[in-house]
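*Asks:* Sharing a structure with you now.
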Amino acid sequence: MRLNYLPSEFQKALPILKKIKKAGYEAYFVGGSVRDVLLDRPIHDVDIATSSYPEETKQIFKRTVDVGIEHGTVLVLEKGGEYEITTFRTEEVYVDYRRPSQVNFVRSLEEDLKRRDFTVNAFALNEDGEVIDLFHGLDDLDNHLLRAVGLASERFNEDALRIMRGLRFSASLNFDIETTTFEAMKKHASLLEKISVERSFIEFDKLLLAPYWRKGMLALIDSHAFNYLPCLKNRELQLSAFLSQLDKDFLFETSEQAWASLILSMEVEHTKTFLKKWKTSTHFQKDVEHIVDVYRIREQMGLTKEHLYRYGKTIIKQAEGIRKARGLMVDFEKIEQLDSELAIHDRHEIVVNGGTLIKKLGIKPGPQMGDIISQIELAIVLGQLINEEEAILHFVKQYLMD
C-alpha cells in the first residue's frame, strides 16, 4: 500500500530519512504515527527507525544528544526540529515483566518490527509513502481489530504493561480485541502486579479519557485485569456501577473528573488514601477530593457563595457534570451567578492584610490574627462586608469589642 501524500509532520522529517539513506543505511517512519495517518487521526510524535547503529547515526548528523543510546536512541537536532532516531533492535529475555535483559542492535527491519506489541503498531513507512506491513496490520485496521504481533502470550509475558496498553488502544481507537489476544491478556493479567503503579496509572488514565472509554472499561472488567490494579481487587460490581450510573454518551472533561466519578461509584470513603495507592501527585489528590466533596455536598443541599469561594468554579462545574451524567438535577446558571456575585475569589484579594492590622489596630501576630482574617474573609464572601479598608477596620474593631 502506498499513501497518496505524506502529512506535514512526515514531510518535515523527510530530510532526516534521506540523509540516513544517503549514508548507506535504511530508515523508516514507524509506530503509532503511521497507524494514525492510516486512520486519518492527528499525528503526535514521529518516530524514526534505522539500520544505522547509534555511533553511525551520530556520524551522519552534526548535532545529536544521547537520550537513550543504550537502547539505540539518538536525538537529532536538525533545522530547528528534534527527531528521535532508534536503531533496529531485538530484545533478550525480559526482567520484571517490563524491561528486556539485553538489547541487541540489528540491521533487519523485520527483526525490529517483530518485537512490537500489536499489529497496528508494527507498520513502517518509507520516504516514498509505501507502507510496510509484515504482520497483516492493514487487515486488522480494516476490521477494527487489535491483535498481538506473533504469539500473544509471549508479548504479554515479556511486558505486562502491554495488557493495559491494549485496553487503552481499544478505548481510543474503538477496536475490538482479537480473541486469542484477549485470552492471553486474561491469562497474564496477574503480571500487572509486577508493573510500576505509575505506569499502570498513566494507561488507565488515558483509557478513562478516551472517546470509547466504555469499551475499554468493559474489556478491563471482562479480562479481570482490574483485580491486579491498586484498590480494585474484587470490585467488579462497583466498576460495573461506574458504567451503568453514567449517561452512555458521557465523556470526561478531565482526569480529575474521571477519577472522582470512579471513586464515587466505588463508594470510597477516603479519596486521598485511594489515590495515594496509585502514587498520584498531592495536587491531583486535592482536586479529585474536592470534586468528590462537592458532589457529596450537593446530595445534601444547594450551592452557596461559600462553596463557590472554597472550591472554585472549575471544581464545582466538574462535580455538577457528574451529576448531569447521572441524570440528576443540575444548575450551571446558578454556579455562574454565584461566582459573578463573589467580591473576592482569593484571600490575597482582600485589601487589608496582617501588616495593616498590626499597623492600624496594634493587633499582634498569632492565632488571634489568623482568626480575625478568617472572619473578614468569610464576611466579604457572604456579602456582609465590603472589601474596603475603612469598612474592614470598623468590622475588626466591632469584632474585638464583642
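Any Cβ shown, glycine's included, is placed from N, Cα and C.
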*Asks:* Return the residue out of ARG2, ARG63, ARG116 that Swiss-Prot annotates for the same ATP site as GLY32, ARG35, ASP159, ARG162, ARG165, ARG168.
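*Replies:* So, going by the record in Swiss-Prot, that would be ARG116.
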*Asks:* Cα of ASP47 (Mg(2+) binding site) to Cα of ARG168 (CTP binding site): how many Å, rounded?
*Replies:* 20
*Asks:* Determine the most Cβ-crowded residue among the binding-site residues ASP45, ASP47, ASP159, using a 10 Å radius around each Cβ and all protein chains in the structure.
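*Replies:* Selected residue: ASP159.
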*Asks:* Could you state the CA-to-CA distance between ASP45 (Mg(2+) binding site) and GLY32 (CTP binding site) to the nearest Å?
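*Replies:* The Cα atom of ASP45 (Mg(2+) binding site) is 8 Å away from the Cα atom of GLY32 (CTP binding site).
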*Asks:* Counting other CB atoms within 10 A of each CB, which of the binding-site residues ARG116, ARG162 comes out lowest?
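*Replies:* Checked ARG116, ARG162; of these binding-site residues, fewest Cβ neighbours within 10 Å: ARG116.
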*Asks:* Tell me the Cβ neighbour count for ARG168 (CTP binding site), meaning other Cβ atoms within 10 Å of its Cβ, over all protein chains shown.
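*Replies:* Here the count is 23.
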*Asks:* Who sits close to ARG165 (CTP binding site): which same-chain residues at least 6 apart have their Cβ under 8 Å from its Cβ?
*Replies:* ASP117, GLU203
*Asks:* Report the member of GLY32, ARG35 (the binding-site residues) whose C-beta atom has the most other C-beta atoms within 10 angstroms.
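*Replies:* The most densely surrounded of these binding-site residues is ARG35.
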